[in-house]
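Student: The structure's right below; bear with me while I get my questions together.
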Amino acid sequence: MSSPLGHFQILVFLHALLIFSAESRKTQLLNDNDVESSDKSAKGTRWAVLVAGSNEYYNYRHQADICHAYQILRKGGLKDENIIVFMYDDIAFSSENPRPGVIINKPDGEDVYKGVPKDYTKEAVNVQNFYNVLLGNESGVTGGNGKVVKSGPNDNIFIYYADHGAPGLIAMPTGDEVMAKDFNEVLEKMHKRKKYNKMVIYVEACESGSMFEGILKKNLNIYAVTAANSKESSWGVYCPESYPPPPSEIGTCLGDTFSISWLEDSDLHDMSKETLEQQYHVVKRRVGSDVPETSHVCRFGTEKMLKDYLSSYIGRNPENDNFTFTESFSSPISNSGLVNPRDIPLLYLQRKIQKAPMGSLESKEAQKKLLDEKNHRKQIDQSITDILRLSVKQTNVLNLLTSTRTTGQPLVDDWDCFKTLVNSFKNHCGATVHYGLKYTGALANICNMGVDVKQTVSAIEQACSM
């Protein structure tokens, strides 16, 4: 029979053991938190820059895309202080919007406009502010709230741009375009100044592959995905008279195929379990890159980043933890639902004519705008042919309208020549990114032939004064 003293000694021992275990567990928890903190420190901060580069109601889809992206980032855990939004902000409360204060990105979709910060709006949405924001140059921005990317060598940056594009450039609603060479030089400056750890760029625009092809270096820790290659259009979706259509009262396209593919994928998936490469293939299949009539999603830059999880850039939504992926999600969008972005302004005006009472002032104004737009396009088509003939001193110049360089080469070697001709074409011929600037590839061909720049500028002035 054991003594009371023996029982007491056992109890003391067990008590000491419990205290030791508790302290050990506490120490382990503290160590685990230290490791977690260390990991977070190593990962740094996630920054995002979102740019809708257009204005006017018929371009509804670009601001819808950007607003949708913002909602994904916020649900993913990014803070407003680390998200910078560029958008003209003329859609939500446009007199043409039948749902004031609301923007949707898909039929029967929820409002994506609510809560979106207005960092840079109206004339502040321009290329100079865009570059200065990326470079963290607070003194260089004008208008807006002055927010810039204050990133460092441990931070990851996500850039998403949605708008019109053309060979060698993407648009802004005011001022100059974002030229491919200039943009890549900004990225190289950011790398040299150690402004980031890794960067992901998504670009929704026609001929968007030309922004990086043969230009973006592979050693910058930058991974870029474009809606189209350097030679083709991207596509609008959820458009009137297509399937599935938008609510009839909205009257224009709600989204773009590339954009809604990555956005809707991100809405559903657990981003901590999906890699950049996996999303690339999901988006590529949904856009229908295997079908000749659609655009071909392209990727450029640092290939070793393909295994990175999307959560490192756009965060993760805890609500998606139990999502089960199904291949049906990545099925191609029906061709019947696609519209060439350069035709969307025409479609928009046609819809206005159909909806307006016959003979009304609204109907007559829309008919006049439609006729003017069609005539302007015919004039641009003729002007570019005349420019080519006058520049290269040849009569058969049709091949210069469509010929492109070998895959992997940049659009042009002499970017100063290219920018000069593009600006001249805009100023003298009224070419805009909505239509006329689709011919910038032909201007690049002139530069690549070594034709004198002054001679071509003179040809542009002459052709557009006929």
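Placement of Cβ uses the backbone N, Cα and C atoms for every residue, glycine included.
Here the structure is a predicted model, which means the values were calculated and not measured.
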Student: Do you know which of CYS447, CYS464 Swiss-Prot records in a disulfide with CYS417?
Tutor: CYS447
Student: Nearest to CYS253 (disulfide bond) in three-dimensional space, by Cα, is which of the recorded positions ASN322, CYS417, CYS429, CYS464?
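Tutor: Going through ASN322, CYS417, CYS429, CYS464 one by one, the closest to CYS253 (disulfide bond) is CYS429.
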Student: Taking the Cα of CYS239 (disulfide bond) as the centre, which of the recorded positions listed as CYS206, ASN322, CYS429, CYS447, CYS464 lie within 10 Å of it?
Tutor: none
Student: Select the closest residue to ASN322 (N-linked glycosylation site) from the following recorded positions, measuring between CA atoms: CYS206, CYS417, CYS429.
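Tutor: That would be CYS206, the closest of CYS206, CYS417, CYS429 to ASN322 (N-linked glycosylation site).
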Student: Please work out the number of neighbouring Cβ atoms within 10 Å of the Cβ of CYS429 (disulfide bond), leaving out its own Cβ.
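Tutor: Neighbour count, Cβ to Cβ under the 10 Å cut-off: 22.
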Student: Below 8 Å Cβ to Cβ and six or more residues apart, same chain only. Which residues does that give for CYS417 (disulfide bond)?
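Tutor: Sequence-distant Cβ neighbours: ILE446, CYS447, VAL453.
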Student: What is the separation, in Å, between the Cα atoms of CYS429 (disulfide bond) and HIS164 (active site)?
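Tutor: With distance taken Cα to Cα, HIS164 (active site) is 19 Å from CYS429 (disulfide bond).
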